[in-house]
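Visitor: Just passing along the structure, written as structure tokens.
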Amino acid sequence: MDTDRKHITSESVNSSLDLPMDAYSQNSNDDLKPRKHRVYKSKVFIIAISFSSILLLVMTAAFIVHYTVGFPSSLLPEEGEKEALIMDMPEEQREWVESGLRELKTAVHRVDNKRRAKNVILFVGDGMGPNTVTAARIMGFKEEGLMSWEKFPDMGLLKTYCANKQVPDSFSTATALFSGIKINYETGGVDSSVSLGNCSASLNHEHHVQSILKLAQDDGKLTGFVTTTRVTHATPAALYAHTPDRRWECEKTMPATAIGEGCRDIARQLIEDPTGQKINVIMGGGRQMLVSNVTGSLADPIDTWSCKSADGRNLIKEWTSVKKANNEAFVVAQNTGELEAIDAENTDYVLGIFANGHLMYDFERDTSAKGMPSLKQMTLKALEVLRSKNQGFLLVVEGGMIDQAHHRGTARKALNEVLAFNEAINATINALGRDLKDTLVIVTADHSHTLSINGHAARGTDILGVAGNSKTEGTPYTILTYGTTYQGFQADENGMRVDPTLHDTTDWEYTQQGAINTDENYHGGSDVTIHATGAMSYLFHGVHEQSYVAHAISYALRIGRFRDSSIAESLAEFLPA
């Protein structure tokens with residue numbers, strides 16, 4: 001090796017490295033100098049590469065933070081800068097720039113809450129389609145305002161069609177929401193193999209679908225529901241009942257053949273079946289389904305649109321007997337005073353039945369202690385009871401009278417019920433406080449209605465007022481109309497549309513005009529919005545099947561198929577590659 005080394009000349013080194021001759025010594029005694037110089041330059045090279053790598057990593061991290069977390073707030077104008085910025089703008093532009101920057105600041109600072117949900121509260125506005133929300137917002141807060149849930153960070157749309165109809169009913173949509181399965185029109189708690197009214201098919205337990213309420217109970221969570229309708233009505237019934245006909249709320253509307261085959265009405269399923277018996281909070285109306293031969297009053301009339309039991313039953317008494325036998329702490333409440341008096345800490349079960357049929361509309365109910373509670377009052381008491389045990393809970397809250405008002409074509413009543421619904425949601429968010437971080441709160445609707453908002457009234461016009469005159473008829477028309485109606489199809493003796501200004505269009509009983517005359521105002525087929533906040537609210541993010549909601553809630557709570565496995569394991573099991 002030494003011999004070979006002596007033959008390495010400066011010329012050969014220079015030629016191989018393409019370096020100038022004077023970079024190396026010409027003296028043969030200094031033949032190691034090129035090597036030392038090379039080592040020195042290698043160290044410099046390594047240091048430079050290391051420094052460059054660190055710099056590149058820092059820049060990459062900054063890039064990732066910039067585009068995944070959001071650009072820093074320093075890029076948004078400070079208060080003083082903002083004032084200087086917008087003061088130079090015309091007043092007509094200033095409002096919208098301020099609004100845009102405010103929303104942008106919220107957007108870039110948002111962080112997904114990926115905590116596992118300990119609790120879920122699902123609010124359902126029955127019949128609360130997008131146009132209904134918009135109209136109620138304008139009525140309550142003008143064009144610039146927002147409903148409480150419209151401030152939630154996550155939202156999407158739900159497709160509401162059911163298994164056999166483009167436009168669904170509330171029983172099929174509630175089953176989709178609560179059980180994750182789309183089913184046939186006017187059936188509930190059974191899959192689409194069961195046709196409307198088919199008692200024998202509905203008795204096959206293989207075709208029963210399980211609700212998130214039952215799954216939550218199986219996991220040891222407390223459960224409850226609150227509604228302004230009958231507790232046996234379509235939406236709440238989908239939580240616990242399995243029946244081929246939504247009308248079978250009590251025995252009076254059931255065919256004798258169905259009773260003979262062994263089918264039971266919805267009221268009996270609520271009180272007699274294990275799922276119903278385990279519900280910690282039940283609040284709403286429907287006394288005439290639970291107790292036979294009840295009497296009505298002006299403040300609490302008999303509901304003539306539904307069944308009235310006459311078989312001698314007293315299911316409220318049966319419910320209390322079961323609770324006593326099990327040595328469980330329970331309360332039966334039948335008015336606002338009794339509701340407010342409930343000691344949540346020392347109560348395990350609440351049965352609140354506040355009306356013979358549906359509860360009265362919020363604007364006309366008796367607000368005294370002897371009267372009917374508001375949706376807000378019921379929701380807050382339910383929340384108090386369910387939170388007191390610290391076991392985690394699932395609560396479903398229905399603003400059901402929105403739909404009832406729409407079916408009658410009385411838009412003002414419907415919009416006022418939306419505002420009462422909004423009060424309940426706002427109060428719930430405030431009551432949750434810090435627990436919101438562990439609670440998934442969802443607001444959605446089961447379906448829409450055919451309510452339209454017509455152009456082109458001036459901004460700030462009363463939403464219940466007149467939009468203008470028809471350019472062909474010359475007759476005024478209201479801002480709000482319906483696609484289908486049974487009282488609002490109004491024509492004079494000449495077949496011309498009646499002038500709505502001949503009536504007070506802001507009256508509670510005014511029926512908005514409609515295009516198609518039929519037996520009632522029908523549901524609409526549009527998508528409905530879904531809004532979410534709290535734990536795992538990011539799961540609602542696009543256009544979903546309505547049945548998706550139950551699966552997302554199950555995952556957020558880790559109940560049902562998600563109880564003992566990760567999402568990846570569950571998806572691999574049910575959706576193999």
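Backbone N, Cα and C define each Cβ position, glycine as well.
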Visitor: Suppose a student reads TrEMBL and sees ASP126, HIS233, THR235 listed for Mg(2+). Which of GLU384, GLU398, GLU417 should they find annotated at that same site?
Guide: GLU398
Visitor: Tell me whether GLU398 (Mg(2+) binding site) sits in a helix, a strand or coil according to DSSP.
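Guide: Going by the DSSP assignment, GLU398 (Mg(2+) binding site) falls within a strand, counted as strand.
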Visitor: Can you check which residue among the binding-site residues HIS233, HIS407, HIS447, HIS523 has the largest number of Cβ atoms within 10 Å of its own?
Guide: HIS233
Visitor: Can you name the recorded positions among SER170, HIS233, THR235, GLU398 whose CA is within 10 A of the CA of HIS447 (Zn(2+) binding site)?
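Guide: Checking each Cα against HIS447 (Zn(2+) binding site), the hits are SER170.
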Visitor: Identify, in sequence order, the residues in the chain of ASP126 (Zn(2+) binding site) that are 6 or more apart from it along the sequence and have a CB within less than 8 Å of its CB; answer 'none' if there are none.
Guide: SER170, THR229, THR235, GLU398, GLY399, GLY400, MET401, ILE402, ASP403, GLN404, ALA445, ASP446, HIS447
Visitor: Sort out for me which one of ASP403, ASP446 has the most neighbouring CB atoms within 10 A, since those are the binding-site residues we care about.
Guide: ASP446
